[in-house]
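Look at TrEMBL and you will find C:20-41, C:47-66, C:73-92, C:98-115, C:127-150, C:170-189, C:210-233, C:295-316 tagged as transmembrane segment.
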Amino acid sequence: MNYKMSLPIAAVLLAGLCASPALAEDKGVIVAFVPSSTNPYIGQWAKGAQAKAGELGYTLKVIENNFNQAEQDSQVQQQLASGEKVAGYVWWPFENAAGVGSLRALSQSGAPVIVSNQYPIKGTEAYWTAYAGANDFLSGKTAAEILLDACAKSGVKCDKGAIIRFPAGVSAGDDRATGFQDAVKGKLDVLTVVPTAGFLEDEGYKVAAQIIPANKGQLTWLYTENDSLAGAAAQAARENGLVPGKDILIVGGTCHGDSKHVKNGEIAGTAIQSGYWEGWMAVQALGKFNTQGKVQDGETYLADNPDAPPADSDPVFKYNFLPNPAVGNSQAAYDAAKMWGKSADELCNF
Amino acid sequence: MLRMTNISKRYGATEVLREVALEVRSGEVMALMGENGAGKSTLVKILAGIEPADAGTIEIAGEPVTIRSPRHSQAAGVAYVAQELSIVESLSVAENVFLGDTDAGLFRSPRSLSTKARPFLLKVGLEQVDPLELAENLSVAERQLVEIARLLSRKARIAILDEPTAALSDAEILRVKGAVRTLADNGCAVIYVTHRMAEVFELSTRVTVLRNGRSFPSIETASLTVDTLIEHMLGRKLEQMFPARATRMGESVVELDQCIGHGLLAPISLSVRRGEILALAGQVGSGANAVLRMLAGVLPVASGTMKLRGAAFAPHSIADSIAAKVAYCSDDRKRDGIFAVRSVPENLSAPALDRVSRLQMISPVMESRHTRGIAELFGIDLAYLTRLAGNLSGGNQQKVALGKWLGIEPDVLLVEEPTRGVDVGARAEIYRHLRSLAERGLTVIFASSDTQEVLGLADQIATFYHGRMVRVVSAESSTPESIVRDVIHPTLAA
Amino acid sequence: MSIMTDVSPSAARRRSVPRFVWVIAAIVALYLVAGVITPSFATFDNMLVIVRAASITGIVAIGMSYVTISGNLFALSAAALGAFLAVIFALAVGHLGFAAGLAATLLVAILAGMAQGLSISVVGNPIITTLAFSTVFRGLAALFSGNSIVRIDSDIALALGTGRPLGVPTQSWAFIALALVSWALIRRARLGRLLVLSGANPQTAIASGLNVRLATVVAFVALSVGVAIMAVFTVSQFSQAKADLFAGYDFDYIAAVLVGGIALRGGQGSPLQAALGAILIALLQNFMLLNGFTAGLRMTVVGGLVLLATGAFHLLQRRLR
């Protein structure tokens, strides 16, 4: 069992356990099940969730698993067996499909369940109250729009290209690739879709450094599903004599990793997908439901207001999506970009 | 009942059995005797189907049989009790009696199985043992008896007992002897492999002697004396095998004063001189090896003091003894004598890496010179230097295991069983080289259960029996008979 | 007992083909076959790409071969140690500059190697010990990095990570140099001999007065240094380090050692074989990547290659016995 909790979370948890229910401030405990925060994005998510929970008067308990669904399942069993009264659960399964049993068990406890980050599987609607998190189709679509826009602007002839995607089985990878391909249908020619073995620079470089020379003179664009992979692909392109932004257009579509490739124009642009705000909005959705007592059918994209986060009084829908505001590929554009009152730099460089 | 003729067997280059014959009648106990490595175990393993013979025929009750596996052997009515017992500790005594008996399936219940087992247990003198008791609660002797009860239950026609009393006390031996008599009285042809003279004379009707892989016609036990039996076992051709004895010896190099350690029941005092070869003669477990192991730093000295070149010597590890120029070669060459997967030169330089390297790098020139030097001293064919040690014959492996120590220029060489698993030709060579090293001032102390070797190679002989040193005698004044008496049964000694 | 020859029947034809020759043959065969199937494969450029792809894995595999040769099977802590050292390097470069950062990383690597080697001589089981160390290292990486990306801004580092002297990436130079140096060390250095003998038969080594414990420590220090080199190159190339770097790579290092034909029993083989194994795997990976094999299929094929190689080497060994 591997409860890796950062010290402040543990401290808050202790405080939560000790606090008596008589305190008017305390609205109860929210329990979030997430993979390990050794992944920086998940670490950001936990920070955002913590911030919103504190603001709303909840105590947040984050239970991390070490990227292991079996471990997460047993954590759910233990949490339920403890009989603790909770204000609600937040569910981020490690393996979406494999975790359905645990999701069902959580829902049967009677407490509201907010699903985050992993887009729920069709047919499980009865097991969760609302989804609040990223929309990976949207991420792929936004990336496609950035790319098409860049093609039009730069005058580079865009036809054949390749997708470097997340490892097989990662649903975010499937969804982003689908969203991207739907958006470029009839406009761009996808030569090949190559999965990596990971999400970081070293893997992105490994794959890009092999497919770029193999398709020399053919590739005009690359979509890599995140900016870590995109930055590494830009490096590989340069090493193969291609100037990113001129000979080849590269887009990651989610700011993740080093922003320097966006700022210096090597990547055609990016979009803010903030782990911090995703955690924040998941807790907000739970808070909304506990106050308003109802969920509206359908979906909503929260407004990507640069200066202020969405109000707690807004209704909560069955699907609540995190916006992916696009960011231009220059220092100025990057500096100006903001989402919900935080700068791109704060949200992307964690 | 049993007639084995012209049985031959070789392992690689070593001929273990050559045209051996063995004949046993129903109802008799045939003692199978011979020195270590004479081929006794191989012969009975062939009969039990554990090892295939290369040539020869086996007849049981007049019918020729082919034995290629233990199953064949059992089907032919042969039952084998190995030195390592096959008692299953987690099963009951009764279940062990009927272990592997396919007919036993008809009466599975513990109660009926126990009723069935009782008469057999009675016959071997285990009447006081509850058949439902777990076998793990039995003593070694009782387990041995359960094995014999199993033989009885199977109505074996031929029973092989391979050193059944090796690990037993005298009182326990009595019970096993009784059980063996019962076996024979039930019409079984019993082959009894042993080292112990007393048992041979008490139990057996006839004796077959194996020597160097050959058999001799069986002899009625009644016509033998201890002396004539020993003569048969040893043969009479020791002379050409061994080099001459030491002509001059120096001052005392190794001294043990009232030393005792694990495996010894009484304190040992010994003194060995420069250039002397001392034999520690004894059977397995006699304590002879313990003396070597104390000197090598492998076995702690519980009490007493050791001296090396006149100074106190108390090694705590092999590295300590090596630093003091004392080298030790155990009797298990494969385990800790050689690096089987490495080449001969790498084996030879292993204890002396500092002598073949310069600035922490191994110098091929120095290593080659080192290797050739040892090869010359120890008669290792230069053609073998490119081979892996594991691919050499036993004799050459032993030369490597011993020879590697010459690299550290030791003052004392401690060797357990210097020629175990070595064929006769290589033995003579090893003896010759050890003697010539002794003549250059090396002190050699070796433990051996081979009487020929003890008598032929050593200047002085210390005999051991059951953890005690019997006496120290000069080799000149000893005879094979006197040594064998000392190490097998000192009370028989005059 | 008349014939007393030492030449057993199979000894005469025991001039066995060294294992690394088989690996080279496999590399050449695969290269030719793949070149026929995929035209873009058999080009000089692609050959460079393959060596580059093999470099990072290969550097660690060379280190891993020390552990295997010393008779300690393999370590399951290399990837996690890599992440920890990457974080240490990034932090140290940020605060102390490149040279001091490099020195600090090597120092931590050596200490980590010694700690593992000494623990194994106490616990006795390298697999379990390194498994435990793996979680320790990963945890330390997370703690030190505070679960966020540690960035560096060093021109020397960037030059080291992205430079191409004579058109060949620095990583590949390091890989080739390390393979040759390690090969010489195992063959010629006294410590190398100690490692080989300790792996060949630890009991005989102890009985010969050799320090087997030292051999284990040296082997793990060598592995840790290899891991440190990988970490330094990776951080330098991307100017950043994260706690979840190299996750899931342990099998790749072990696979290279096994495909290179280094016997798991220890005492045999050379680091050069691990390097060749890494190249063979990179070659296969490249071929599959260019032909659009999915990641799952690629993993299956590489796993199959490991099984095939270990099985084939085992049979080869038996036939020669």
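In case you wondered, yes, glycine gets a Cβ from its N, Cα and C as well.
In TrEMBL, annotation is done automatically, which means it is predicted and not curated.
The transmembrane segment (C:98-115) makes no contact with the transmembrane segment (C:170-189): fewer than 3 of their CB pairs lie within 8 A, with pairs spaced 6 or more apart in sequence. Between the transmembrane segment (C:73-92) and the stretches C:47-66, C:127-150, C:210-233, C:295-316, the greatest number of Cβ pairs separated by less than 8 Å involves C:127-150. Between the transmembrane segment (C:47-66) and the stretches C:127-150, C:210-233, C:295-316, the greatest number of Cβ pairs separated by less than 8 Å involves C:210-233. Residues 73-77, 79-81, 83-84, 86-88, 90-91, 94, 112, 115-116, 119-120, 240-243, 245, 250 of the same chain lie 6+ residues outside the transmembrane segment (C:127-150) yet bring a C-beta within less than 8 angstroms of a C-beta in it.
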